[in-house]
Structure formats: C-alpha cells, structure tokens
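Here's the structure we're looking at; comments come further down.
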Amino acid sequence: MPNASSWSASSPLLLLWEDSSGTRIFLSLLYAVLAISGTLSNVMVIYLVFSFKKLQTTSNAFIVNGCAADLSVCALWMPQEAVLGLLPPNSSSLRSAEYRLLRGGLLSLGLTVSLASHLLVAFNRYVLITKLPSVYQALYQRRHTGCMIGLSWALALLLVPLLPGLWTPGSAQQPPPRQTDGGSRYTALLLALAVLGQTALLLHCYLGIVRRVRGSAKRVSVLNFHLLHQLPFPAAPPPPRRAQRRLSSVSVLLLCCVFLLGTQPLVWVSLLGFFLRPAPPALQAASWLLLCSLSALNPLLYTWRSEEFRRAARSVLPRGEGPAA
C-alpha cells in the first residue's frame, strides 16, 4: 500500500497500517477512558496524602512521586492521543516531527519515573519488614528520601533525549516492514533489559516480604510504624495468624501479577524483535497499551488494601464519615 509507511510513521495510537476508522475511534475512546480515570485516581491519591497527616509517610512519598509521573501520561499524553486518533492520517499535526518528539518526551518522562517509583516503594517496604528499625530510620531520613525522588526524575530527564524514537509510538516500535533501524533495535533491547532488571529487583523485594511475613507474623505486628498501614496487607482488626499470612501473600502476589501483566509483554515483544523477527503490529500495539494503562491503575494498586486511605477517601467524598472518623 502506498500510504502504509507514511501512516505508520505518523500514527500516534500504535495503530496498524491498514486500520479502519472504526478501530481508530475505538482506540481514541479507550485512551479517553484511561485518561479520565487515571487523572482522577492519581489526583485523588496526591490530594489525600497532602491533606491527611497520617498518610504522610515515606512509602506514600514514593507513591505520590509515581502518581505525579503517571499524571504526565494520563493527563498530558493520553488526551492528545485520543484527539489525534480522530484526525485523518494526512493531518499536519500527525506529520510534525517536533510535536511527535514532544509527545514522546512526555511518555518517556512519565513511564521512566513511574517504573522507578515502583522499585522505590518495593525496596522501602522490603527494608521496613526485613531489616531492623534502626536500619530503616537511618536509610530513610527526609533528606535521603528527597534525594531518591530527585534521582528518579534526573534519570528520566537524562533518558528523554536518548529515546526519542523508541518512546514515540508508531515510529520506532512499528516501522514499515522493509525498514530496519539498528539504533532503535538496540535501544529497544536496552529498554527490555532495564525493565527486566527492575522487575527482578521488585519481585525480590516483594517475595522477600512474603517469606518474612509467612515465617514470622509476630515480627510485622510489633513494628510501630505508620507505614505498615500502606502495605498491601489487611488492616485492623487483624485476622488469625494463618489467615493473615494467606491474605498478605495473596495481596502481594496480586500486585506483582498486575505489574508483570503491564510491563512484560512489551519486554518480550522487544526481545523477540531484536533476536528473531518483529512481532505482529497488533501484538506490539497491545503491549504498549498495557504498559500505558498501568499509569491509570497504579493508584489503586497501592491504596486498595489500605484502611487509612479508605477512611481518608470517605471523609472527602459525598456522604463521608467526616475528618474526625
């Protein structure tokens, strides 16, 4: 088809080269739903943490950092994709290289900081549960916490100019069938290896927490930290020890499964394209959509099991219990 390469090089929605207008409209609606739900959930978490002193913990500082990064994806990048997907393929907005680079920068910045925040939260909880309280207090002083958050943004800003094509959907991820871009292929390989390493560290932290909790529920119960309320474990009143260990393990494993579902498809699609042959365009599109949708799900992953967050949310929503509750 004569327009295949031009459409794939300018498509903002990871569309197939021969997609119909109905498919583009469906994806635009999907981006709009993710943008609205993700923006509301991330803003709500940030507002609750800044409004309630009990929620102002070290773990929640990393969660807020991730929410701020996810807002750049949900509130800034996704709405543009939803609107641009309704434009004709030959639109001047789609052909603007500078505009595509700007959208790619927003996506790169948001996803990089978001993935780094996942790891910071996991490591924070791992140190809290498995190490002595003195070690946790020495490592997570306010100055150290601020440095960790600042480094996550500095790393993202450093990588933004290095990944202009990779983070611009429809450009480097889905080149025309006869196009070969060695630089993009190696960049995709480095991205896949980096995400694999980050995933391995995250799983090590959470599985270490599961082993610790299953081996000694008493060890967790005696730690007098408000941060315990932010763990994806059952809040008060505590169930019997066996049920507590079972629910704790299920909650952590569920969090890990959702994270793996959002990140690993893109990793293996990138590895497949580097070592064997490029994956089908539909599979590439699905892997990117899963990764982007994680930005809308992240606030729920870290707050759905927290009684403190639920109380704070009920106090600000209509017919809530009030701040005194």
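Keep in mind that glycine also has a Cβ here, set from the backbone N, Cα and C atoms.
Those TrEMBL annotations? Automatic predictions, nothing curated.
Database features (TrEMBL):
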TRANSMEM  25-50  transmembrane segment
DOMAIN    41-302  domain 'G-protein coupled receptors family 1 profile'
TRANSMEM  62-80  transmembrane segment
TRANSMEM  100-123  transmembrane segment
TRANSMEM  144-167  transmembrane segment
TRANSMEM  187-209  transmembrane segment
TRANSMEM  250-276  transmembrane segment
TRANSMEM  282-304  transmembrane segment
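In this chain, the transmembrane segment (282-304) lies apart from the transmembrane segment (187-209): fewer than three C-beta pairs between them fall below 8 angstroms, excluding pairs fewer than 6 positions apart. Averaged over the domain 'G-protein coupled receptors family 1 profile' (41-302), the predicted model has a pLDDT of 77.
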